Amino acid sequence: MYRILSQNEHETYESFDDKLEKLADDEALDAKRWKRRHVVAVLALLGFANIYAMRANLSIAIVEMTSGSERKVNGTMLHVHGDFENWTPMTQGVVLSSFFYGYIVSQLPGGYLAYTHGAKTVFFAGTFGTAVFTLLTPPFARMGWGMLVFARFMEGLLEGVTYPAMHVIWSRWAPPLEQTKLATFAFSGSYFGTVIAMPLSAYIGESFGWPMIFWFFGALGVIWCTVWYKTVHDRPEDDPKITTSELALLQRDAFSQSHYLVPWGKILRSKPVWAVIMAHSAQNFGFYIMLTNLPRMLKDIAGYDLEKAGLASSLPYFLMGFQIVTGGQLCDYLRKNKHYDTLFVRKMACAAGFIGQAVFLFLVMTTSNSLLLVLFFSISIGLGGICWCGFSVNHLDLAPQYAGHLMAVSNTFATVPGIFGPLLVGAIVENGIIGEWNVIMYIIISVYLAGAAFFWKFADASIQPWASEHTSFVGQLE
């Protein structure tokens, strides 16, 4: 016997059919276009590439600013004096390190602002402000090295909010088993940006003069900011182009976005948090010294000119970017497909990266062959990408809802080497001889091994007890 459906039942079934049809359409769209979290990842990569290009270009420009360059005029090579040849090595060290004085100040505020004012907006503001001061660098430098220190301090202050903001973004946009590959893919932009900046800065400086280096990269930063602000949204549910199936995936494991009182005391007493801090600081110690001094090292040790040193200096960061992308993919493959324990994967990534870096940095000191020198430097720095797959996403393992704050804490401590590294080099390397550079490399090796040992001993990859105890403020984020 058949029954005639009522009007309400007709509407119910039609509504259900509409939902099924929408889901089917969403699945069809999923197959045809990029998922929105992948769009966020690509733009984040380009954002970090811009940020690091604006950070690294001074390490190339300062060589021409202080040493001058060789120019061919009517078929004759002439030496063009630098505009700031009176700057001592210690003055140059102060200029190079001044960025990090600002960078260390804004880490914790950056994590807080990302939660309260939107991570997308904070990342935009940090990048845009950095671009503005990059454009202003040439006139500031001509006013005196003190004004250049101020400009670099402001760049650091503005850039300091970007890493904590990005962790807040991934706490909302990355499914748990994709956190490593999405976060490391975005972070790899830092190294690809360095790859592009070093040889391109050398070419621009040789061809158009050192001020054009800052104007070019500052303009690129402004262009990227426009695209980012129009495309990215703080939360998946705010994105009008996201499909229902992707939104469901992202919301399934999402944490409530309520304001929580951050348990700072428990965080700072947590051994797993300190394991991340130590690994992050050890990695940055070597990375920042190389970032600010590798062109000079190649000039002193191998006799490379500015353009050749810029090109050779870029290779290590290409390898590091490649390693961080492939390493992130491998780590999540081992976790998701091979069911490896997350803690084991994190520890192995850190140990392999740090020990490999130390071994190849030691090999640098055993050869005088310029090609082998560049190769060993490149492999050593490149293996830092493997380390990042271990510690850089560990914040999301320990406390997803506090990931931005944890990144702010670890990056604050990890910025200290950026302040003291150039000053250490300025104090030890007075004459630019090989023996002085070897002392620097022995120090870096010791720090790498200490970082590996500490992370192996104290790291964890489970949600911490203090991350499960929420004391909420009243109200939700706007």
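Even glycines carry a Cβ here, placed using N, Cα and C.
Whatever TrEMBL says is automated annotation, not expert-curated.
Predicted, not measured: the structure shown is a model, and the values here were computed from it.
If you look at the transmembrane segment (39-63), the same-chain residues 6 or more away from its ends with a CB under 8 A from one of its CBs are 92, 95-96, 99, 123, 126-127, 130-131, 134, 137, 152, 155, 159, 162, 166, 169, 173, 182, 185-194, 196-198, 201-202, 205, 210, 213-214, 217-218, 220-221, 224, 227-228, 231-232, 291-296, 299, 306, 309-310, 313. Residues annotated as transmembrane segment in TrEMBL: 39-63 (among others).
If you look up TrEMBL, you'll see 45-463 marked as domain 'Major facilitator superfamily (MFS) profile'.
Annotation source TrEMBL lists transmembrane segment at 94-115 (among others).
According to TrEMBL, the feature transmembrane segment maps to 122-141 (among others). Away from its own ends, the transmembrane segment (122-141) comes close to residues 44, 47, 50-51, 54, 57-58, 65, 83-84, 110, 113-114, 147-148, 150-152, 154-155, 158-162, 165-166, 169, 210-211, 214-215, 217-222, 224-225, 228-229 of its chain (Cβ-Cβ under 8 Å, at least six residues beyond either end).
Residues or ranges marked as transmembrane segment by TrEMBL: 147-170 (among others).
Annotation source TrEMBL lists transmembrane segment at 182-204 (among others).
Residues 43, 46-47, 50-51, 53-54, 57, 60-61, 64-65, 83, 120, 123-124, 127-128, 130-132, 134-135, 137-138, 197, 200-201, 204 of the same chain, all 6+ positions outside the transmembrane segment (210-229), place their C-beta atoms under 8 angstroms from a C-beta of that stretch. What TrEMBL records for 210-229 (among others) is transmembrane segment.
Residues of the same chain lying 6 or more positions beyond the ends of the transmembrane segment (273-291) and with a Cβ under 8 Å from any Cβ of it are 55-56, 59, 100, 194, 267, 297, 316, 350, 353-354, 357, 361, 377, 381, 384, 387-388, 390-392, 394-395, 398, 406, 409-411, 413-418, 421-422, 424-425, 440, 444, 447-448, 450-452, 454-455, 457-460. Annotation source TrEMBL lists transmembrane segment at 273-291 (among others).
The transmembrane segment annotation in TrEMBL covers 311-331 (among others).
Below 8 angstroms of C-beta separation, residues 279, 282-283, 286, 327, 331, 334-335, 372-373, 376-377, 379-381, 383-391, 394, 397, 438, 441, 444-445, 448-449, 451-452, 455-456, 459-462 of the same chain, each at least six residues beyond the ends of the transmembrane segment (343-365), sit close to that stretch. Positions annotated as transmembrane segment by TrEMBL: 343-365 (among others).
Annotation source TrEMBL lists transmembrane segment at 371-391 (among others).
The transmembrane segment feature in TrEMBL is assigned to 403-425 (among others).
The annotation transmembrane segment is assigned in TrEMBL to 437-456 (among others).
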Give the one range among 94-115, 182-204, 371-391, 403-425, 437-456 whose Cβ atoms make the most pairs under 8 Å with those of the transmembrane segment (147-170).
94-115
So what pLDDT does the domain 'Major facilitator superfamily (MFS) profile' (45-463) average out to?
89
Per the Cβ filter (under 8 Å) with a sequence gap of at least 6 from its ends, the transmembrane segment (182-204) is approached by 37, 41, 44-54, 56-57, 59-61, 166-167, 170, 173-174, 212-213, 216-217, 291, 295, 306-307, 309-311, 313-315, 317-318, 320-322, 324-325, 327-328, 331, 385, 388-389, 392-393, 396
Mind checking which residues of the chain, 6+ beyond the ends of the transmembrane segment (437-456), have their Cβ under 8 Å from one of its Cβ atoms?
274-276, 278-279, 281-283, 285-286, 289, 297, 300-301, 347, 350-351, 354-355, 357-358, 361-362, 364-365, 390-391, 424-425, 428-429
